[in-house]
Amino acid sequence: MLETLLTRLDTWFPAPLRELFLTSLGETAVMVGLSGLVGAFIGIPLGVLLRLTDHGGVLQNLAFNRAVGGVVNAVRSTPFIILLVAIIPFTRWITGSSIGTAAAVVPLTIAAAPFIARLVEASLREVDAGLIEAAQAMGATTPQIVFKVLLPEAVPGIVAGLTITLVSLTGYSAMAGAIGGGGLGDLGIRYGYQRFLPEVMLAVVLILIVFVQAVQSAGDALVRRLNHR
């Protein structure tokens, strides 16, 4: 029974194809990880800025907040496939190419940053206003309030938001792969769809499910560890 199954698997997935699966999985991990990392570097400060300048914020400036929020909402409301195509000249200018894993990271990062910003802003809203007022009463500066009150209290929510972002980026990376971005999406389209190999398409879907489950489980475990409430 086991030998028969292994024989069938070897027939369906010969060695060159197995190597492609490993390479594609690595490309997907790079796209998701790198765009999530760069997106966090942009999105977290942006989310903090949105919270500080909102109504009742430490640096309340509603005009500035609405302007920045409008840009964030505009990017978030743009379907990823349209964003992917619309910024091809910018992607080519940054990476020197409009296809490949490196090129896919650019639109993925642009899609991730505003999404993370809004999630961070929502997490910061959950911080008890009394803690901020107490810090202000003790003469804390704005940087001190941000780094010693807001961010430490909001860490579990921010990590949960980053987990959601990485899961979303996994789906976006498959979409990017469909138009030359590489990764599992590219493998599924080229071999599963264009070459009529349904077993390859099924394998790609199963790998993506396992990948997402692993990311979600790791994120949930980290949130539970960080949550001190």
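Using the three backbone atoms N, Cα and C, a Cβ is placed for every residue, glycine included.
What TrEMBL says about this one:
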type	residues	note
TRANSMEM	20-50	transmembrane segment
DOMAIN	25-219	domain 'ABC transmembrane type-1'
TRANSMEM	71-91	transmembrane segment
TRANSMEM	97-117	transmembrane segment
TRANSMEM	158-180	transmembrane segment
TRANSMEM	200-223	transmembrane segment
Distal contacts, the transmembrane segment (20-50) - CB-CB under 8 A, six or more residues away:
13, 65, 68-69, 72, 101, 104-105, 108-109, 111-121, 123-124, 146, 150-151, 158, 162, 165-166, 169-170, 173-174, 176-177, 181-187, 191, 203-204, 207-208, 211, 215
Determine which residues of the chain contact the transmembrane segment (158-180) at the Cβ level, with the cut-off under 8 Å and only residues 6 or more beyond its ends counted.
24, 27-28, 31-33, 35-36, 39-40, 44, 80-81, 84-85, 98-100, 103-104, 107-108, 111-112, 115-116, 119-120, 122-123, 151, 186-189, 208, 211-212, 215-216, 218-220, 222-223, 226
